[in-house]
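Database features, via TrEMBL:
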type	residues	note
ACT_SITE	Asp37	active site, proton acceptor
ACT_SITE	His65	active site, proton donor
ACT_SITE	Lys168	active site
BINDING	36-42, 64-66, Arg331, 357-359, 439-442	GTP binding site
BINDING	Asp37, Val325, Thr326, Thr327, Gly328, Arg329, Lys330, Arg331	substrate binding site
BINDING	Asp37, Gly64	Mg(2+) binding site
BINDING	Asp37, Glu38, Gly39, Lys40, Asn62, Ala63, Gly64, His65, Thr157, Arg171, Asn250, Thr265, Arg329	IMP binding site
Amino acid sequence: LYKHVDLRDRAPHAGLKRPRNDTGNKVTVVLGAQWGDEGKGKVVDLLATESDLVCRCQGGNNAGHTVVVEGKEYDFHLLPSGIINPKSICVIGNGVVIHLPGLFEEAENNEKKGLKGWEKRLIVSDRAHLVFDFHQVVDGIQETQRQATEGKIIGTTKKGIGPTYASKASRIGLRVCDLLGDFKEFSTKFKNLVKQYQSMYSSLTVDTESQLKKLKEYGERLRPMVRDGVYYMYEALHGPPKRILVEGANAALLDIDFGTYPFVTSSNCTVGGACTGLGIPPLNIGEVYGVSKAYTTRVGIGAFPTEQLNATGELLQTRGHEVGVTTGRKRRCGWLDLVILKYAHMINGFTAIALTKLDILDVLDEIKVGVAYKINGKRIPHFPANMELLHKVEVEYETFPGWKSDTSAARKWNNLPQKAQNYIRFVENHIGVPIKWVGVGKSRECMIQMF
């Protein structure tokens with residue numbers, strides 16, 4: 001049965017090391033560099049028009065990306081925004097938490113606006129965890145409890161994302177593969193999960209049977225889209241040349257490890273999340289694009305050193321229409337903070353940056369940029385982990401004269417006023433990352449590409 005082969009008889013190259021040049025296709029990653037809402041959807045949309053594969057790797061329908069195409073506004077929360085490109089395949093990776101009613105509702109809302117054939121172009125990892133309705137209820141209960149005990153909330157979107165990641169980390173979560181497996185087995189696990197939550201939250205009521213009936217229906221609708229995500233991505237990376245894009249949700253300062261904890265999201269929204277949330281090696285990460293506004297905004301509570309609680313902050317809020325896509329909450333506004341951008345770059349290693357909403361600054365007489373934090377008059381070289389400390393920092397600003405002219409019609413670098421160019425160059429030099437795009441408006445055409 002077994003033939004003995006003497007390796008000494010083999011060709012001389014048989015034992016040689018294989019060259020490391022077959023790493024496969026590279027993946028481009030787009031990440032938020034501030035507290036979210038930087039306009040990642042726009043950058044993704046720009047890149048998605050020429051991408052074969054657009055992937056989400058973390059978060060859930062707590063993300064909100066608005067994309068404007070031919071005057072139509074599409075809102076995406078769970079679906080990768082590349083879904084509007086009829087030539088792209090979209091992937092929801094294992095690191096994403098999926099609320100099935102939310103997914104189908106979102107698809108239907110966008111269908112009304114003209115989205116076509118999305119079911120044929122969506123791939124869902126069988127290892128992704130499921131968000132159940134009771135996770136969303138628990139999210140609300142937890143916020144109410146925080147308010148009662150600490151007098152403050154985290155400001156979650158109440159979409160059940162945190163509780164689902166908590167179930168995942170406690171090893172009691174349920175995944176897509178469970179739903180599509182033996183349904184009897186799934187039902188038992190689901191009932192046990194509900195019981196566990198009810199023992200922690202006495203006010204939680206769940207109509208288990210009706211939930212299971214709906215889940216079974218959703219499972220069957222989802223089935224044709226489900227694949228083994230690891231194998232799927234491996235084939236995509238090592239097959240014929242493909243342009244693969246990873247669309248980050250949330251942002252660096254909301255990262256569970258690196259953000260302004262505890263006022264953060266519950267996943268890694270920095271570059272490492274692209275690897276763990278899709279099952280791809282670091283070797284395959286190519287360009288990493290950071291997206292930042294030309295100023296800073298934040299939703300919910302938590303430290304915000306460059307916040308302007310004055311007329312400037314109000315002007316940025318109204319001119320920038322700073323209201324959350326997912327929550328409808330007003331965003332807090334302030335000057336551009338280069339300390340947080342440098343910090344985001346330390347973690348993510350940006351290869352280029354997109355600076356969005358420059359046009360919002362058009363009317364200002366002077367524009368400030370935070371360049372350093374001081375504690376007791378001394379500059380600190382890092383971004384503080386401790387929130388009490390972060391609340392105490394004093395920001396050192398660099399002040400620029402405003403350009404006082406409309407930039408929204410600019411389509412090339414040369415169309416921008418000299419003072420706006422100076423502002424952009426300063427930002428670029430200070431962070432040490434080239435700015436590849438400058439955004440001056442809502443639609444696709446308003447992104448000036450620099451190189």
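Just so you know, glycine gets a Cβ as well, placed from its N, Cα and C.
Neighbours of Arg331 (substrate binding site) among the recorded positions Asp37, Lys168, Leu358, defined as a Cα within 10 Å of its Cα, are Asp37. The recorded positions shown are Asn62, Gly64, His65, Thr157, Lys168; of these, the one with its CA atom nearest the CA of Val440 (GTP binding site) is His65. For Lys42 (GTP binding site), the nearest neighbour among the recorded positions Gly64, His65, Gly328, Arg329, judged by Cα separation, is His65. Only His65, from the recorded positions His65, Lys168, Gly328, place their Cα within 10 Å of the Cα belonging to Gly39 (GTP binding site). Close to Lys330 (substrate binding site) in the fold, though at least 6 residues off in sequence, lie Gln317, Glu322, Val323, each with a CB less than 8 Å from its CB. Annotated pair His65 (active site, proton donor) and Asn250 (IMP binding site), C-alpha to C-alpha distance, rounded: 10 Å. Closest in space to Gly36 (GTP binding site), of the binding-site residues given as Thr157, Asn250, Thr327, Gly328, Arg329, is Asn250, taking the CA atom of each residue.
Residue pairs drawn from Asp37, Glu38, Gly39, Lys40, Asn62, Ala63, Gly64, His65, Thr157, Arg171, Asn250, Thr265, Arg329, the listed IMP binders, are separated by up to 34 Å at the Cα level.
Cα distances from Leu358 (GTP binding site) to the recorded positions Asp37, Thr157, Gly328 are smallest for Asp37. For the binding-site residues Thr157, Asn250, Thr327, the greatest number of Cβ atoms within 10 Å around a candidate Cβ is found at Asn250. Closest to Asn62 (IMP binding site) by Cα-Cα distance, out of the recorded positions Asp37, Lys168, Thr327, Gly328, Arg329, is Thr327. Listed in sequence order, the recorded positions near Asn250 (IMP binding site) (C-alpha within 10 Å of its C-alpha) are Asp37, Gly64, out of Asp37, Gly64, Thr66, Lys168, Gly328.
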